Amino acid sequence: MIETDRETFTALADDGPAIVRVAADLDIDVAPLTAYDALVADADDHAFLLESAEKTPASDPDGAFTPDTTTEETRHARYSFVGYDPAAVVTVDPDDTTITRLRDDPITDLLDAPDHATGDVLDRLRSVMPAVPRRNIPTEDRQLLDGGLVGFLAYDAVYDLWLDEVGVERPPTPLPDAEFAVTTRTLVFDRATDSVSLVCTPVADADTATDVYDALEAEAKRVQAVLRDATAPATAGIEVTTERAGDRDAYTDAVETAATAVRDGEVYQAVVSRTRELDGDIDPRALYDALRAVNPSPYMFLLAHGDHTVVGASPETLVAVHDDTVVTNPIAGTCQRGASPVADRRLAGEMLADEKERAEHTMLVDLARNDVRRVSAPGTVSVPEFMRVLKYSHVQHIESTVTGTLAADADAFDATRAAFPAGTLSGAPKVRAMEHIDAIEATPRGIYGGGVGYFSWTGDAELAITIRSGTITHTGDEDTLTVRAGAGVVADSDPDAEYEETEAKMDGVLAAVDRLRTTDDGEAVHR
């Protein structure tokens, strides 16, 4: 069952401690969400599901989208990851870093570093990474998450990274700056080979190799047995008792304030966001399943972290580091979907012909190029894709791709710092735009506008921008779902149009809620 035999594993661990990657092929036929449900059961305080969903006719009831097999539509869609039973959780708060051990695992003995409480949030995450060799890592045709840190970087980390040094006082923030599970067991679904494997990255040395291998064999057999008997969970409804959409006038006033700052030469653009909140009985797994159906996206995520769960369908890469390549994916320019392919093309053409949209997008691509250049070798930054229109369930976006070759003295944490936050979620110049956001927006952003993803043991990393998402806070007998969206404000922005843009960007999550909404007596309501 395990691809690496016992003798080879023992030899790899002989002069350890080392992180040794092993994989077991599983003979199962279950969907990733079913596997997630079966493996985490009632112990899902910390677990994750990361997927890349292709768009299908079933996800587009108006028939406006016909899927194809071009690179831009399938580039993310090969792997799904289910992480369960993490060894520990790393929580980075403004003044502290906490490592909470969740089970007996040798890797937890390697997590404490002398400097894990110093530096900024990304320095502190880096310091947690075990300073031991990584062995048995495939070099070709592999997924890039081989265990590591999986979680979120909240937008509010900007105070630690950028705003503290310019004297902006940090407000109370609802969530940690970062929270990442230390993952050594990951279920990997590979669509290209139609296979499922359990990838484990245990710590072993000469004294422990035999026992570690025995435990891996037992875990692979246990997981296969659990998943062979797994069935898709019944779809839970969502009962919403209270909704708060915020004050429209307050938002349009905030947009006008930002536009005035642009006209006064303070910034070129600022992204102003607003929040909707729904209280009630909200099942995160049901919401994820519905969101995947109505808004399949390159980055689908279900991230359970104790008293809060993040569910999302992001189209946009914050930063990716694969081997020595840095990638970011600025998206700026939004229009509605049409009711037919002809209407889609008309709306997309109007968007591409709009001078404001083109200028805004070009500015943000230039900002992304500058971000990537900060951590890239000289002369390696390029824009292989510029101003392409991609379609999603409720909107169309103008997208570009910026790449560079990672400098020899930089790593994935440096690349994340350079890209964070995305210019498409802050504005330009970044720091000055963030100062205005702090002054204009009524509440801290929390996870919205940050990043969700992973830092692999291998040095690879990939984080999506946390947009088209919702954070479910579990408090007592009731849950609160917070959905947030923003619009880029320039000198001639129409406040009412920007408000409608935020509504369109929230539509994916809210449509998923409506798909599951029930009445007080449990009857389904579909609107």
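Glycine residues also receive a Cβ, built from the backbone N, Cα and C atoms like all the rest.
In this view, S52 (L-tryptophan binding site) is surrounded by 19 other Cβ atoms within 10 Å of its Cβ, with every protein chain counted. Swiss-Prot lists S52, P298, Y299, M300 with the feature L-tryptophan binding site, giving similarity to another entry as the kind of evidence.
Residues annotated as region 'Disordered' in Swiss-Prot: 53-72.
The chorismate binding site annotation in Swiss-Prot covers G333, T334, Y448, R468, G486, A487, G488, and the record cites similarity to another entry as its basis. Following the DSSP three-state reduction, the secondary structure of Y448 (chorismate binding site) is coil.
According to Swiss-Prot, the Mg(2+) binding site annotation covers E360, E501. In the three-state DSSP reading, E360 (Mg(2+) binding site) counts as helix.
Under 8 Å, Cβ to Cβ, and six or more positions away along its own chain, A487 (chorismate binding site) finds V255, V271, V272, S273, S493, E498, Y499, E501, T502, K505. Per Cα geometry, Y448 is the residue among the binding-site residues E360, Y448, G488 nearest to Y299 (L-tryptophan binding site). Listed in sequence order, N295, S297, G312, A313, S314, P315, A485, K505, G508, V509 are the same-chain residues six or more apart from R468 (chorismate binding site) with CB atoms under 8 A from its CB. Y448 (chorismate binding site) sits 15 Å from M300 (L-tryptophan binding site), counting Cα to Cα. Taking T334, E360, G486, G488 as the binding-site residues under consideration, the smallest Cα distance to S52 (L-tryptophan binding site) is found for T334.
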